[in-house]
Amino acid sequence: MRRPVLPDTLAPGWLVVQLLGTLLIAATLATAREHQPLVWVLYGVSTLAWLGFVVTDHRWPRTAQCLLAASTLIPAMTLGIAEDSSAIILCVITLGRLATMARLSVLSIVLVGSADIVLALVLDKGWQGLVDAGVMLLLLLLGLNRRQYEVQAEQAHALLEQTKLAQAEHARAAALDERTRIAREIHDVLAHSLGALGVQLELAEALLAEKSDVDSALATIRRSRRLAADGLAEARNAVAALRRDVPSLIEALEALVDAHHGVVDFEATGAARPLPTAATVSLVGTAREALTNAAKHAPGVPVTMTLEFEEGTVRLIVRNEASGVAGTGFGLTGMGERLALADGTLTSGFEGKYWVVSAEVRA
């Protein structure tokens, strides 16, 4: 949440400055040794302008800025006739406050400060005028430097807040993307598994209704049971992904190779690099489906799996000697749809005596 920018009169540091300035003005007036009524009238007007600035700075900032400018210019008009240093002290107090106001433009501050300096040089003749002008010039420069520091600090704070908001929004978007990916994964798994299961059960029902081939019906029911078990396992894997980070592609493929009941020759070529989650999940799902089909339709036959990292693309190739029977097509169709969502493509078919599944994603 962005921290509200407080006006100068409400910021704790500036409360101290306002109070200190008021006390210094009061002390200066209490110790002034002036006998000319005009000087006291001008001092009184300047003090009223200062108090008006303190009171109105919160609600009417433009009015307050004009009153503050008046409170520093009016005592400068007495520099030539004041009997002591009270005039320059009042100028220093009010000009110092003016020079550090971040809401005032630099041009406005310089114009008011320059007017004070010119009044000192014109009204207070001799070396005293030069001293007074030098003091006000030094104070003006110090105040502007302090003001610049305040402005930069506020800008840095605003930039930090914007960075935090951007990071939080990025994290939220990443979480939403991950949830969308998991939802799509579960949807694809259930749609594929339940669709295939429905087809198998319809076939079993037809066979049993005709009572012509009970053995085929039983085999179909067994396949249905395997489909249900495989779908449940994949759904559990997708849900489990909610509780852990997705591993790297090579690590995930090596885990599949270790879990496969058969010989798998796995090789990764090219410079490995991190991939988007959707691409990783799609390629791992393709490898799982290809290994499952190899175990079903060519049991005991060695499988070769190659992962190729190329510039702009990553390709997964799973190859095994064909038994003459292709897969059912349900799993590879689902993998093709999932790869398409990850900006990928899937091809499968016979190459001589080998059955080859090739998946490619842009990453």
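Glycine is no exception: its Cβ is also placed from the backbone N, Cα and C atoms.
Any TrEMBL annotation is an automated prediction that lacks curation.
Among the features that TrEMBL reports, transmembrane segment is placed at 12-31, 38-55, 67-92, 104-123, 129-145.
Note on the transmembrane segment (67-92): residues 24-25, 28-29, 31-36, 38-39, 42-43, 45-47, 49-50, 52-53, 56, 98, 101, 108, 112, 115-116, 119-120, 122-125, 129, 132, 135-136, 139 of its chain, located 6 or more positions outside it, place their CB under 8 angstroms from a CB of the stretch. Long-range contacts of the transmembrane segment (38-55) within the same chain, counting only residues at least 6 positions beyond its ends with a Cβ under 8 Å from a Cβ of the stretch, are 9, 18, 21-22, 25, 29, 32, 63-65, 67-68, 70-72, 74-75, 77-78, 81-83, 86-87, 90, 94.
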